[in-house]
Amino acid sequence: FRRRFLVWINGSHWGRCIGDCGSGGIRSRAVWCVHVEGWTAHHSNCGLRDKPENQRSCFQVCDWHLELFEWEVSEWQICVLVPFAHGEVKPRTTDCVTAQHGLQHRSVHCIQKLNRTIVASEICEYFIPQPPVEQACLIPCPRDCVVSEFSKWSECSKDCVRSLQHRTRFVISPPLYGGSNCPNLTESRICDVPISCFLGEEEYIYSLQVGPWSKCRLPHLKEVSLIGRTMLDFSSDSAERSTFKLHSYKSHHYSKPWDVEIGYQTRQVRCTRSDGKNAMLSLCMQETIPLTFQSCVMPKDCETSVWSMWSTCSKTCHSGDLSPGFRSRHRSIKYIAVGTGKECPELEEKEACNVGGKELLHPCPRFSWRTSEWKACQVTLLLDGQDPRRHKHTALCGGGIQVREVYCVQSVIESGTHKLKEVTRPADKKLCVGPAPSASQLCNVPCSSDCLVSSWSAWGPCVHENCQDHQGRKGFRMRQRHVVVEPIGMSQGCPHLVESIPCEDPMCYQWVISEGVCVPDHGKCGHGNRILIAICKNNKGDEVSHTLCSEFLHPETMVCEVPCAVDCVVNDWSEWSSCSHSCSSKNAEGKQSRTKSILALPGEGGKPCPPHRALQEYRLCNDHICTQFYWETSPWGPCSEDTLVTALNATISWNGEATCGVGLQTRKVFCVKNNFDQVTNKRCPDSLRPETMRPCLLPCKKDCVVTPFSEWTHCPMTCQHGDDSFRYRIIIQNAANGGQDCPDTLYEERECEDIPVCPVYRWKTHKWSHCILVPDSVRQGILGINEACGRGLQSRAVVCLSDNDLAADVTECMKWTEPMPALVQECLIPCKDDCTFTPWSKFTACSSDCESTKSRRRSLTGRSRKRDKCQNTVVYPQVETEACPCETFITQPHGNWSDCIIAEGKTELQLGMRFQGETKQCGEGVRLRAIACYDKTGKLVEPSYCSSSGYIEESCVIPCPFDCKLSDWSSWASCSASCGAGMKIRSKWLKEKPYNGGRPCPTLDLKNQVYEAVPCYTECNQYSWVVEPWSPCKINSEQNSLHCGDGIQTRKIRCVNTAEDGEGETVPITQCDQSEIPNEAQKCNLYCPNECVMSDWGQWSQCPQVCDPNIMQTRTRHVLRSPLNTKTCPKDSQMQPCVLNQNCFQYQYNLTDWSTCQLSENATCGQGIQRRLLSCMRSDGKSVNMNYCEQLNLEKPEKLSIHCHVECSVNCQLSKWSAWSECSNTCGIGGKFMIRTRSIIMQSQGEGRLCPTQLTQYRNCPVKPCYTWILGAWSPCKVEGGQCGEGFQIRNLTCIVHDASMSVPSKQVKNAFCGELPSKDNALQLPCSVPCPGDCHLTGWSEWSSCELTCIDGRSFETTGRQSRSRTFIIQSFENRDSCPEQVLETRPCSGGKCYNYAWKTSLWRDNERTVWCQRSDGVNVTGGCSVHTQPAETRHCNPECKKPFTYCTQVLCSCERGYTEIMRSNGFLDYCMKVPGLEDKKADVKTSAGKNKPVNSKMHDIFKGWSIQPFNPDGRLKIWVYGVSAGGFLIILFLIFTSYLCDPPNKLNMLFNIYDTIINAGDNQGLGWRLTARDPQCNNLIIP
């Protein structure tokens, strides 16, 4: 009971679809159990049976469903008027001005692309909003049919024949949007009978009317005799028919032939009268009566086989494009059409397939370009063929070209993964779109450069090998050299930099003793002691701690002697000279010397001077043997694995780069003596021993990688000549570092088996059957003809045979051979009165003469030889003559000469050939000019008759490019610096300039030269001055008896080579620095006895590094002998300021300029090196030894060499010429050009030859004759044997030859030249009819009207316009009007139309009538187009009507006729007309009503008609007050003239006369009064009332 108050309530909206993609989704809604009072209860309280569903399945849309569903939108329906609120359609109103508002609808559905089924709209709305289903539109106002004006009436017959005349018009614009249909386009009327004809006398025209042929039918069986003749069959109900069949071939060998049945057909011939009635045939009799029967072929429709199965779709996969695939099916001909049977339909049918079914198709393979690795860089590809280095086996380096293979591969999408999987098998390059990657590029082969080292330093002292642990007495003396330029590339490295010599008693440290001043023991002279100062120095000369020398003893003092006043004085020992030899041998040993010189001679009793030999001292030096030892190394061996570093190979990285592991390199180290002898290692210092092992990168093994074999190329599928099938594969990566080698086979070829042979089919024809005539019963029944003769038909069998004479389908013959031979032909059975002839003989042979003819003959047979009419050779010729073909031809050049063409030889493609320019690009060639070949009659023939190639050939030359030529390099100029680093240059100069596109010259200077500069270096101490000791001071004894005082001493100097290989050799003094040349003579002084003797000046003290004139440098000397008396000694010290570049110098590193980019001698371009050298330069610009700068610890520049690049001179590389293109036309002179092209493989670079501008060559196409079927114009309709009725019209089909231009007339040739006949659409005979007098018939089509647009307010409503044409009927007899056909209207769309407006036009009124017509905006008068609601009236009427005598209606009022005047009522209407007196015998004047109705005064008259004061009396005379007004006006004019004359000269009269005219006219028009104001410069304003 309680459930009666509980109900289910469900939510109004379903929730969103949730779940997996596709149809497995679920959407829900809320459902409540609710009491009627509004509160909710548990679901169990309501009946579960009545519970609404709260879940339903749905389609869960996912993003990838975008490819599965789409909106299907139909076309917009026609625009309809907007309905009213209650649904009724708004009617088309008559007050439509431009257009009415409407709506148009379309259907929109969401469909599944696969099967085009409709699904829920929500699926498509998930991606794209639903397109609108309706839109507003405009419906133009109804447009009635618009027709032209009528033509003129046709002429009537001048005979007494009752006839009609007509006039026609044509349709200009069809009815649109519900407009009225077109009116009749024809009007007819009866012609008037000439007066000369008697009343009731009518003449008729009689015409022989030929009816149409009946259908072809077969005779009855009884009408056919056994021998082929016919007999009468009186049984009308006989159903049996005799079928004339051709004899069949045996069924086991030949196919069944077509059945060709010969029947007959008849037609009626009757006499018709011009009024359409039949008349007796005798009234139309003529000499020959048309045939009323003839033989015919029974029509049989073409019969085809059933359609074959559909072929597979051409689109078997889906790709990005939306184009569908196609499939086709075929059918064959079983029986060909015979007679007028239906022709064969299309034998092939195509349709689109796989439209939108992407889901069922696998993705199409994609093709993309791939490349192999770059092959090795080849320098020879850049060298000219004449370059001698190209054929040398030396290792060329520098710039080159490397190539790679570019191939096309296929990529497919793996099913289920949507990922691209690449198939590396090569595919046809045509399948890859887009530009292919470059197959070549410039590269560089590194060049090696040797190491450049300095000269050897001097030998060092004998030192221990290890001064930290000096055991034993063995030591080494060493000398060094340093690297000036580091080696690059694959050089053998630098030579050894240290040489050593074993020595005894080595010392790492030693005392360096310096002597102090000699101090006498007693007094100022005599014996004394000299204090010795010892400093501990290492073997490098650096001062070290004295503890390192503590083990060595050294003296502290030394005995010496100070000369007394009269003693001989000698100076200290000089420095030891340089050693004479660098080493000692059996034949030479090194020596050094030092000397002393006498400064003062002894006096009386003084100690004498030592002997001369005591003043010179010698010692041995460089007493070591002349054998040097050094460590020599072999080149590093290959990098190999070693078990010690195996653990590192898994994770090792080398310089931050992951490698294939680390290995070891080893080399041999041995001690070498004197550059060639290997000695024991003990001879070389072990501390300098080079390493024998080092870690290295293990090169990764690279196996050869090749693509799989490509697919075998297809063997020919049809009967075509093809090559063998082949496949290939491409090396992607070559083997390296011991990897697996590449396979030997990269190309495989196999023969194609079972290549189909082109089928050979032929038509087999059989004998013609006997001639079959119309049955006798038919002939006799029509005209009573008994003789069985005349024209008939005969047939034959035609079958299709294969090359082995087996029956084949007729479709094969129609496809592979010439058209099918005729099955039926006309034949003639001569009648007894006919002329009979033998068959034509063959034509006689032609001679070689072009004027000759050929002929053939026939002769009369039987009774014909005796008949006179048969002897008439004009009617019955017995000889036919034709002109023989002439073999004389005329050549006429056509077009311009072609480009110069150079023949290309066949060359094999080799690696690098594409870059060598092996194909001939210049030299001798030919240029061609097309010819047109004509025969003697002027017909165009094949050009091979005049020239085998169809061209005139002429030799030509393409100039070869000539490169810029420079001279060879000159010799190197001397180094710009005699000491240290400098630059040296060499040059080339221009010999010949380039032309014809040769290699351009490098950048030249003003002297047309190009320079190369490199740094040069010479050791600053390589050449030095060597001086011998000073000679004794020579005193002039003639002037000085004491032999003391000033004198001169000399010495010898020489320049020696101090380099290692110089061995102190004396060289010309020019080799040494001339600025430092020592003096060869100097002043000297021999101190006299008792004088103070001073020592030589010591060295100047060092100036600071920064020269400062405020800082002084000093030098000192000491007293060697004190004076005897009190004479003082000279100063023992001197000072001078540190002046820059005088006695103070600064030093800095100097860099030479960068050299030009230097290439290896084996390189022509590519990577090179620019070098600069470092030297030490003094502040005065002089190069000095590097030690000066090194001692100052100056900062050295970082880079002395940098990499540079010399651009390679790459000639432009071109592809081979393509094949010549096809002509756009296969014949005639309109074929334009044949083109061949070549492309640029690599652009020129650097100084290479530029690319030629001609990448395309043209030549005229051969002028071949064009053979064309020409259809002639249709002949007038011809009725055979009659004047009207059914006939035929024919046109000729002619084969002509022409050159495809309009300038040369075409010539007729044999039909065989044109080949296959035109299609069946080009009929040569058509049925037609000639109307008989009295028949109603249609006219021909009118011309197409101009293109007109539907426009609203002058704007086009449509994008396309319309044109119309029409046919109307002509009535020749009103009795036959019911049989007239309907008039015909045709409309077609057009473009470029115009908007036209239509407006009513009217003529002037004439007798209350006028002409009203409609005119188009372009001036064409039409019927229709203008609105009938706005049509102006053609007549006008007065209200009330003019019924009184002598009145007529003018505009809207009644008026009187000419000669009468109006008498008006007070209300302005005419009362009556009064005759004007005195006008009985005169013409009416201006006073009459007719005279006043002139156009000028009509308005004035109408105005005055409403006045109460009339200027005219009822009799037509002027009233008196009018004369008074006129007289007053005249007086005013005289007053104005008089006043003007008093104020101004008489020339103002003209103005006043003009004013008078104005006043008079105004008086005539206005009638009562005026006010005139005139102003003059000399008078005041005159106001004249």
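Backbone N, Cα and C atoms are what each Cβ position is placed from, and that goes for glycine too.
Where the annotation comes from TrEMBL, it is an automatic prediction and has not been curated.
According to TrEMBL, the feature domain 'Spondin-like TSP1' maps to 145-193, 302-355, 568-626, 704-756, 964-1009, 1212-1266, 1336-1395. The domain 'Thrombospondin type-1' feature in TrEMBL is assigned to 1440-1478. Annotation source TrEMBL lists transmembrane segment at 1520-1543.
In this chain, the domain 'Spondin-like TSP1' (568-626) lies out of contact with the domain 'Spondin-like TSP1' (1336-1395); the count of Cβ pairs under 8 Å, excluding pairs fewer than 6 apart in sequence, is fewer than 3. The helix, strand and coil residue counts that DSSP assigns across the domain 'Spondin-like TSP1' (964-1009) are 0 helix, 17 strand, 29 coil. Per-class residue totals from DSSP over the domain 'Spondin-like TSP1' (568-626), listed helix then strand then coil: 4 helix, 19 strand, 36 coil. Per-residue confidence over the domain 'Spondin-like TSP1' (964-1009) averages out at a pLDDT of 86. Mapped onto DSSP classes, the domain 'Spondin-like TSP1' (145-193) shows 0 helix, 18 strand, 31 coil.
For the domain 'Thrombospondin type-1' (1440-1478), the DSSP-based tally of helix, strand and coil residues reads 0 helix, 19 strand, 20 coil.
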